[in-house]
Each structure stands twice: as C-alpha cells, then as structure tokens.
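Some notes on the structure that comes next.
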C-alpha cells in the first residue's frame with residue numbers, strides 16, 4: 001500500500017499553536033489522523049513504531065494544553081517522538097527519519113526549538129526537566145523563554161536509578177515540575193518488577209480534590225487490559241506499612257492512573273495541572289504500546305523497532321540475509337557453551353533480544369538475568385557472580401556500557417574479577433546515529449590494568465572469542481563486535497580458544513603493514529587488492545587483541561616494513577594509541593618507521609547507512625588505499641588527498 005492516509009485536520013497543523021483553536025472533539029480527530037500518518041511514515045523509513053503509537057493522544061494533549069516551545073516537553077529516550085515531530089513543523093521531512101541528512105529518530109536540539117533536550121539513552125528526562133525548572137526560577141534565559149518543564153518517561157526507564165536520583169532531588173527542591181509516567185506495561189517484567197507495586201494510587205491530598213473526584217472512577221473507565229494493570233498495582237500496595245506511594249514519599253503529588261488514550265481524561269487533568277500545580281507532580285497515564293495498529297499490538301515487541309513494512313499486513317520488508325548476525329552468533333555460541341558448563345551465566349540490561357541472550361534465556365532461564373535499565377547494577381551484579389565462582393557474561397551495547405563504567409573500574413577491574421564483557425554494537429551503527437555509536441569502548445576498556453580486550457574481525461572470530469572468554473579466569477576480559485550481518489565466512493564447527501595476546505598474519509607483503517583491529521579487516525583486504533594492482537603488496541595482519549598487544553608480531557612488522565598503519569573502529573586513544581606507545585617505548589620511531597593510525601574522527605557522526613558513516617569517517621577501503629599511497633609517497637599529487645567523504 002503506497003497511498004498516504006487522508007488527514008484533513010492534521011493538514012491544517014503547521015505548529016502546536018494551531019492545535020489551540022480546535023475543540024476537544026477535533027483534537028481527538030487530530031490524534032486519529034496523527035496515528036495514521038505515523039504508521040504511514042514508519043512503513044517507509046522503518047524505526048521505532050510501537051512507542052510512538054502509544055503516546056499519540058498524549059502528544060496531542062500536551063501540545064494543545066502547554067505553550068511549547070516555551071514550555072519544555074522532554075521525551076525520555078525519545079524513540080516515541082515521531083508524532084511529536086509531525087506536530088512541530090517537521091511533517092514534510094518525516095519520511096526521511098533515520099536517513100542520511102534526514103530527521104533524527106530521536107529528539108535533537110539542533111533540529112528544532114521544540115526539542116529542548118536531546119535523548120536516546122533512557123532515564124535522563126526528569127533530571128533535565130528539573131534543570132529547566134531551576135533555570136526558570138533562577139532567571140535563566142532561552143530564545144523561546146522558560147515555562148513549565150514536562151518529563152515524559154516510560155515504566156521501563158523508571159527502573160533505572162537515575163530517574164529516582166532526579167525525583168529525590170526534585171522532591172527536595174520542591175520546584176514546579178511535571179512528570180508523566182507513561183505506563184505501557186511493556187518493560188516492568190517480573191525480574192525487574194518491584195517498582196510496579198507503586199504504579200497505582202489515586203491522589204488524596206489538597207489542592208486537587210476536583211482531580212480526585214474526576215479520577216475516582218478512572219479505573220472503571222479504563223479498558224479491560226488497563227483495569228487489570230491498575231488492579232495489579234493497587235493489590236501490591238495493600239501490604240505497605242506506610243501510607244502513600246513511593247512517589248509521594250519522594251515529595252511528588254501523585255495523580256492517576258488515567259487512560260492515556262482517552263482525551264476526555266487527558267485534557268482536563270493536564271489543564272488543571274497547568275493551572276494549579278505548585279510543586280512536583282507525577283501523572284500516571286496507562287497506555288498501550290503499538291496502540292491502533294493491530295500488527296504492532298500483537299507483535300512480541302509491540303513494534304518496538306521495525307524495518308520498512310507493508311501497512312496493510314504489517315509484514316516487514318527485510319533484505320535477505322547473506323550471513324548470520326554477529327549478535328546471533330554470540331547468543332548461539334554462548335548458549336552452546338552453557339550446555340557444557342553450568343557455571344556460565346549471562347547478564348543484560350533490558351536488552352535480551354538485542355544482545356542475543358533470548359536464546360540463552362529460553363534454554364537456561366535460571367542462569368540468564370535481565371536486570372532492567374540498570375547498567376551500573378548489572379556490572380556490579382556480574383562482578384559478584386564472578387566472585388561467587390560463576391562465569392558471568394555481561395552483554396551490553398557499547399553505548400550503554402558507558403553508563404556502568406565506574407562499576408567496570410571499581411568493582412571489576414580493581415578486583416581482577418573474571419567478568420566477560422560482550423560488547424555489542426561496536427563502531428558506527430547506522431540509523432540510530434551518534435547516540436548509539438560504539439566509538440569509545442576500545443579506549444576506555446584497554447586503559448584499565450589487567451583488562452583483556454579483543455575485537456572480532458568476522459563472525460568466525462567472534463565464535464572463537466566467546467569460547468576464549470569462557471575459558472579465561474585470570475581477570476576481566478572483553479570482546480567487541482558490530483551490529484548487523486557477518487562477513488559470510490565459513491563457520492567452524494567448534495570454537496577455538498585463542499592464545500591471549502596473539503594476533504595473526506593474514507597476507508605477507510612488503511614495504512607497508514596494515515594492522516587491523518576488528519571488522520575493518522574486510523575493508524583492509526579490499527584496499528590491499530587495489531594496492532596490488534598498483535604494484536604495492538602490503539602485509540595484512542589481524543591484531544585480535546588491543547590488550548595485551550601482540551608485542552612480538554607488532555615489533556616484527558615494524559622491523560620488516562618502512563611503514564605501519566593501524567585501523568580500528570574506535571576513537572583516538574584506543575588500539576592505535578597503544579601500538580604507538582609500544583613503538584615509542586621500544587625506540588622504534590628512532591629508526592625512521594613511518595606510522596599512521598586510522599581512527600574515527602573527533603566528531604559525532606549523524607545517522608546514515610554504516611557504509612556512508614564509514615565513508616564520512618574516511619575508514620573504507622579507498623581511504624585506506626589512499627593512506628598507504630600517501631605514507632609511502634608514491635601517489636600522484638592529486639591522489640594524495642583522501643577521497644571526499
């Protein structure tokens with residue numbers, strides 16, 4: 001289906017100001033049309049569908065009641081922001097979502113005044129909203145002005161400690177601040193579900209008696225699935241020794257639960273809060289992820305992240321796979337190893353599917369732990385599992401491991417505990433852009449004493465590295481691998497345990513050595529082929545380890561070649577810097593060795609395809625070829641420059 005939906009009312013909305021002249025009934029119609037437009041757009045671009053569909057009515061209500069952009073609506077994670085972008089002057093570009101030079105899939109300050117605070121990681125919204133509230137009261141100035149600050153945060157994000165740190169501070173300061181808890185019951189599952197005991201208590205204190213009266217029947221007004229969710233939470237509250245909810249004990253006035261899809265409930269509550277709130281308020285709205293689009297509602301992940309799809313059937317249009325994904329290779333290999341070793345267990349932070357641990361969880365649920373959005377806790381939990389004699393694999397995206405870095409240092413590395421870090425989404429990741437790039441883990445992991453750091457050049461190497469990590473008990477060990485499909489190499493039947501700190505020579509050559517760390521090896525080999533056509537035959541090597549370095553191999557490469565170039569999918573300070581330190585310590589530079597290190601540039605690279613992103617970073621085969629020609633001084637003058645990115 002290619003026809004766009006008919007949206008006569010939505011067509012009249014150029015900015016949120018246009019919503020204010022509409023009746024409540026018309027706002028409800030706008031919400032209906034906005035939902036259809038969101039589905040249509042994401043069917044073309046792919047992206048986070050379910051989250052946006054769950055907040056359509058809330059988005060319309062917020063922008064119609066509050067005075068954005070003076071009032072700051074801060075979307076936690078912000079993957080639910082597509083309807084928000086449509087209403088805030090970006091509808092004409094909505095079908096460029098997550099594409100090169102298109103709209104970001106998240107809120108972004110540089111994109112619109114209606115995006116006051118960028119996001120993509122979870123649980124930051126309340127801290128940001130509190131900051132805006134304090135800035136307002138201290139006389140801070142922005143171009144749009146400073147009014148109310150409204151944080152919209154999901155139940156999953158509320159499982160992170162940062163959200164409660166912010167609420168604790170907000171309650172102490174007592175500033176006028178509005179938090180909307182978007183409870184779609186998707187993320188608070190039994191393993192991380194203690195918080196769910198607090199998610200339903202009607203507000204009982206002045207000055208909101210009118211709200212209490214309005215909300216008294218709210219549970220009975222909810223659709224059956226929501227009534228059950230509210231009942232579940234209220235039942236769990238009965239045994240509490242102290243009165244009031246957790247939110248009230250933190251200093252927040254609590255309103256709810258209300259049906260987050262019912263404009264007749266949303267609009268009066270928001271209008272009353274806007275008119276009368278004096279301190280921090282939490283509004284508990286119960287919603288349904290994927291609301292209004294049956295294929296998303298019935299999907300296992302409620303349409304959390306989709307490829308392009310057919311609007312009628314919901315069938316996703318995924319390109320045929322030529323090789324297994326790195327994530328699936330990790331998950332399958334770990335599960336197979338767990339069958340042989342009962343001490344192997346796994347920890348992830350709200351990403352069992354994304355990290356491939358769903359395979360392990362299905363077969364060994366008692367040894368697989370989803371700790372929720374709690375990377376700090378997850379790392380320390382894994383550290384103590386290791387101290388207790390288990391073999392924990394802590395599987396996290398590179399970008400999210402950053403959130404638990406102090407624990408990596410303090411609880412794992414200093415104690416030399418054998419935690420195995422499986423670092424997924426290493427390097428540039430494509431459509432999710434800079435916020436999800438795994439650019440820094442080589443540097444921040446390899447700088448830690450006693451940490452072993454590996455990078456897989458292909459899916460077969462990853463299989464070996466999982467086995468190597470399982471066999472290594474002398475201290476912490478990490479291995480990194482990218483998003484997406486492998487290289488299509490032949491997979492070994494059984495993994496091999498690699499010798500720690502030993503790389504491999506792929507192709508013997510002369511004059512220049514290309515030393516790759518990670519999956520740039522494929523591009524290095526393409527560059528070597530192009531160079532061979534010019535009469536230059538480089539040596540190609542796969543380092544495998546950034547720490548400990550293969551000292552013998554690196555010094556041999558330096559001795560036998562006039563130039564040595566390292567290539568890695570990481571920021572400066574990583575593998576190449578460690579190689580340079582070794583060469584410096586051994587006085588190799590004194591002999592005249594020409595050394596270059598190809599790393600990601602010192603900038604944040606916006607979303608595009610991975611190939612386009614690596615082109616922008618000057619890290620693809622033609623750039624490697626140009627670097628060799630330049631360092632050897634054999635390029636013509638017009639070939640000395642790197643290809644335009």
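Each residue, glycine too, has its Cβ placed from N, Cα and C.
Among the candidates 184, 322, 447, the residue that Swiss-Prot annotates alongside 79, 120, 121, 122, 156, 157, 293, 375 as binding thiamine diphosphate is 184. Residue with the densest Cβ environment among the binding-site residues 156, 375: 375, by other Cβ atoms within 10 Å.
Separating the Cα atoms of residue 155 (Mg(2+) binding site) and residue 184 (thiamine diphosphate binding site) is a whole-number distance of 7 Å. Its Cβ taken as reference, residue 155 (Mg(2+) binding site) is surrounded by 22 other Cβ atoms within 10 Å in the chains shown. Under 8 Å, Cβ to Cβ, and six or more positions away along its own chain, residue 121 (thiamine diphosphate binding site) finds 77, 399, 400, 403, 435.
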